[in-house]
Every structure is written in C-alpha cells, then in structure tokens.
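The transmembrane segment annotation in TrEMBL covers 25-48, 60-81, 101-120, 140-158, 197-221, 242-261, 273-292. Residues or ranges marked as domain 'G-protein coupled receptors family 1 profile' by TrEMBL: 41-290.
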Amino acid sequence: MEGGSNSSSERFILMGLSDHPQLEMIFFIIILFSYMLTLVGNSTIILLSRLDARLHTPMYFFLSNLSSLDLAFTTSSVPQMLINLWGPDKSISYGGCVTQLYVFLWLGATECILLVVMAFDRYVAVCRPLHYTTIMNPRLCWLLAAMSWLGGLGNSVIQSTFTLQLPFCGHRRVDNFLCEVPAMIKLACGDTSLNEAVLNGVCTFFTAVPLSIILISYCFIAQAVLKIRSVEGRRKAFNTCLSHLVVVFLFYGSAIYGYLLPAKSSNQDQGKFISLFYSVVTPMVNPLIYTLRNKEVKGSLRRLLGKGREAG
C-alpha cells in the first residue's frame, strides 16, 4: 500500500491492547467513564458560559472554546477506541484513519495555540487590569480564537498530508489506540528521517515555543500578583492562574513526550499510554480543574441548578 495509492477499501488494524487482551474490558470501562465525564464536564462549562451573563468575559469565552475543542478532541478518537476494545474487530477504514489523523492533529495543535492565548488573557487581566476591557475587546477575542483554530488546521493539513505520502508497503497494523502521526511514521517501511525531522521541527514550534511564552508571561503575572495588597485579590488571581498552569503542564508534558521523542526509538507501550493520556485524561480533567478552583463557575452552576429546582 503505497502512500499516494491507498485504496479507500483498505483497512488499518488499531492494535491498542492486543498484547494484553485481559486488560481490554477494564480499559473499556475506564475510558467509557472518562468519556462520559468529559462530555458532561465540558458541556457544562459551555452551557454556563452561554447562559450566565456574569461569565460573558474574555476568560470564559476562551474557556468555552477550550471545552468545545476538548469535546471534539475526544470524540475524534474515543468512540473508535471503545468499539475496538469491546469486540474482536480492531479495524478502522482507510478513510476513518485519515480523518482521525487530520482531525486529531488539528485539534491538538489548536489547543497548543489556545493555551497561549489564554495565558495572554491572564497576563492582561493581572498586569494591565485598568486596560483589560479595552485590550481584550470582543473583536480581538474572536480574532485570537480564529487564529488558534486556523493555525491548528494549517499545521494538520501540512503534517498529515506529508505523513500520508510515506510508503506503507502493505503494513496495516497501527500499534496504537488511534491513527496519529508518530504511530503512522512507525508503520512506514521506507526512510522516515525527513518525516521525523519535520515532525520534531513543527512540534517544537507548537509545544516548546508556546510553553516558553506561557512560562515567561507567568513570571510577569507572578510579579504582579505579589504586588496586590488585598489578600482576597491575590488568592483569586493565584487560583485562576494556577488552574491554567496545571492544564498547561498536563497537556504540554504529554504532547512533548508523545511527539518530540524520535518516532521509531521511543518505547511503544509508553507511547500508547501517553496517547491515551492526552486524548482521554486531559480533556476529562480540564473542566474539573477549572471548576473545582473557580468560585465563579461553582456559583454559576449553583444558580443554574437552583433555577432548575424552582422551575420543577
């Protein structure tokens, strides 16, 4: 099966836990439960951001974008994982694999950029509070969100298309839970050094560079927070920023491990579980992190539930 001549009738085999079949049902239950939590948690944040006028701010606009992204991110991979874990059929159509490759990389790259945008929003809120509403106006917020989504899409189109040009020579066993670039490079039978170089270069740009920008911005934020005289003000700023930093380290840590290590030399089982982590665990814990440490979200949820009980 050569790169450019793959037939739409061909099917790939997603190996997943084929080496450990006794774990498949356990993982099916864990992933299903995590997926349900992801759907409920992220849908709740989107709903609250739309319904509660108090949350009509740039921070929650970007947070609802992150939740929408996480919903799409998990839905692009988890249903297929569950199907493969449930029964003996581990296959995915060529078209399904290609779609998953493009969509998964698009959304992953978009999250890299969006987390930088969210760090910029926190920087302006903490370091330039008097100019916050002027700087973070609706037009700029929509522009930054659009740049995140389109930037991720551009990365996916280039990198996924480049990966699909590799010769697979009839190899159809993808030793992963999903079709993603590192797994597809491992599948190739030809020289993949150029692909690995491109992968490392692009991923450095989308992970190491944004992470550096975020860390630098938080150095300025930390300096500004320490100057806040109000204890309550410091606590609120600290909790909001800490939630974002936890999400940043969870996502970037797993993405750097999964994409920046040499594709053919990294431990395969570790690579599979890292893929599982950033495709299942991270989107699940994001809304929990933001909700548990955020009084505004918890207050909005209580008000919405209170209205529901009154209506009942």
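Including glycine, each Cβ sits where the backbone N, Cα and C put it.
Outside the transmembrane segment (60-81), and at least 6 residues removed from its termini, the chain residues within Cβ reach (under 8 Å) are 14, 16, 31, 35, 38-39, 41-43, 45-46, 48-50, 92, 96, 100, 103-104, 107-108, 110-111, 114-115, 117-118, 121, 141, 144-145, 148, 177-178, 247, 279-280, 282-284, 286-287, 290.
Within the same chain, residues 109, 112-113, 115-116, 119-120, 122-123, 126-127, 155, 158-159, 162, 181-182, 185, 237, 241, 245, 248, 252, 255-256, 259-260, 263 sit at least 6 positions outside the transmembrane segment (197-221) and bring their C-beta atoms closer than 8 Å to a C-beta of that stretch.
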